[in-house]
């Protein structure tokens, strides 16, 4: 079963995904600064390179050459491994995510997915939840009260949103009958009317909200909210270890964008004259833009408000959604 | 008015109270408020406003070292000593008012009487390290001789930094090239000053 070609192909795919997503994560920081600046009538980075494009390189050099400080009372091995957990889980989650329709290159059909497993959605959400160990361990090992508060908030937040994201995505799964993201995508081949967003609008909204919580983005950035807990779990980190958290966060953003695009917005199916691959890029770009847009516009919620809205509003709504879907399927 | 009138803390009708939402008293009212707030669409108004600003692209950033703001004539930065437009001689008559009024004691001047028995300023220095740029010297000057310029980039390497007369006085070649601009800030003559001149009552 595992012949050499498959192994080579998988390794090449994995390297490409890691390289491209890491580069995109770096680029996303630049885009974020620019978009936020434009929305606030500023120019953003302008001095390094044309329109500040080389700011990426400057930031990279800074991150790589900065001293890697480990606080005196920190628990050293855990402190050192925590950012690695955050970054790896973000990348590992991408193994079961298809990005583009399959295409032929040099007479060889390529499936742009590292591993098409039949429990892909469960796997992605499970691994993404493991990613919470990054902030948790970082905060607990840092010997810093802000870090500890950040870790506590991270766990509280995960317990809250994980229920919502799991239950909300259950309704589309019931309709399609498969956890494989490729099957979910193939169920929406018939143009824009077939998108699951029309059949499951509530699940879509709930999953999107849970996605914002999962990626610690505003308005649910309680884990690292500067005005309240300095930088949360990342307070004591510097240099590339901090950069790993950052890359993990942006990789998570990309994963969530891809997931929402595939589950609810027709995935990589071709639309009218636009080929499927471009469609996917457009959808993911829109979602990344939405993350930045929301950050520029909306205020941040308190952790207790976040828990309140998760447990008392979103979770009942998602249960109701599942019940209605169940009756409709009967 | 008695003492108890002064001690009254409630000013009664003098306050203008904001019309705030009534606090919900039971669960149903709280639920109604929640639904109302949820469906109000305020969040989308916020989204629209930031998107509108992005599309308008009305950027207010000034890229400082490359672009500079034009200072108002009333801006108070490094002082200038002006010359008379008619003769080119210094406007300063050595009255010493600026030295006297300077609240941070940073102006020093030396005067002497020259061969034409006119009082002239031989030395004039301002310690810019102490100067707080309050503008009193320019305000008190009867001849509009010491005024404030617009050079606001004046970081120093030392605590004391003395500006001497030759640093602040309009150089003669600049003056001859008619580059000296009249001060337009506080105390300057208005543009229609000549029209406003009236003869003294004794003359008519």
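Just so you know, glycine gets a Cβ as well, placed from its N, Cα and C.
Please treat TrEMBL annotations as automatic predictions, because they have not gone through curation.
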Stated TrEMBL location of transmembrane segment, expressed as one of A:101-119, A:120-138, A:139-157: A:120-138
Top partner of the transmembrane segment (A:242-264) among A:6-31, A:78-100, A:159-184, A:196-213 - counted as Cβ pairs under 8 Å: A:78-100
Two-stretch contact, the transmembrane segment (A:196-213) and the transmembrane segment (A:306-329), at least three Cβ pairs under 8 Å: yes
Of A:78-100, A:120-138, A:159-184, A:270-294, whichever stretch has the most CB pairs under 8 A to the transmembrane segment (A:306-329): A:159-184
Selected stretch (most C-beta pairs under 8 A with the transmembrane segment (A:159-184)) from A:78-100, A:120-138, A:270-294: A:120-138
